[in-house]
Amino acid sequence: MEETYTDSLDPEKLLQCPYDKNHQIRACRFPYHLIKCRKNHPDVASKLATCPFNARHQVPRAEISHHISSCDDRSCIEQDVVNQTRSLRQETLAESTWQCPPCDEDWDKDLWEQTSTPFVWGTTHYSDNNSPASNIVTEHKNNLASGMRVPKSLPYVLPWKNNGNAQ
């Protein structure tokens with residue numbers, strides 16, 4: 001059965017389904033077919049085991065240990081593990097020498113030294129004092145036309161407000 005998996009790089013290659021020998025499936029669709037066919041053939045699926053290195057490999061349960069020891073995809077996984085452990089060792093050895101630069105900013109001091117007043121929508125500024133608190137006058141402007149008023153409620157009823165009745 002392993003001969004059908006040797007050229008898995010060709011997406012158009014036909015592979016035989018391990019659950020139904022009459023099924024010839026293109027390699028690019030094979031994983032999807034395996035999932036569907038496994039559900040349709042639970043009796044055959046219970047006799048087969050999935051290779052831990054390649055889910056496309058479905059082998060009889062009695063032969064899984066032999067397949068694991070001789071699987072071609074095992075070398076790819078082992079090489080990935082070796083590369084990851086090497087990179088982790090190199091990362092732990094190389095300690096960072098970066099240091100935070102000294103901070104010479106003082107935002108509070110800059111705020112008091114600021115000559116222009118901050119912009120606040122809907123307010124006017126009258127004072128010459130540079131204190132930020134004294135620059136803002138609490139005079140609210142009404143920009144609506146003389147015949148218009150602000151609505152007293154939202155244009156829709158909120159779900160938790162049911163005409164003043166508690167639920």
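Glycine too: its Cβ is placed from the backbone N, Cα and C atoms.
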Report summary line: Which range of 48-75, 76-103 is zinc finger in Swiss-Prot? It is 48-75
Query raised in the report: Looking at Ser8, Ser134, which one is marked phosphoserine in Swiss-Prot?
Result: Ser8
Query raised in the report: If you measure His23 (Zn(2+) 1 binding site) to His57 (Zn(2+) 2 binding site) at Cα, how many Å is it?
Result: 16
Report task. Give the distance between the Cα atoms of His33 (Zn(2+) 1 binding site) and His57 (Zn(2+) 2 binding site), rounded to the nearest whole Å. Result -> 13
**Report entry** binding-site residues: His23, His57 - member with fewest neighbouring CB atoms within 10 Å
**Finding:** His23
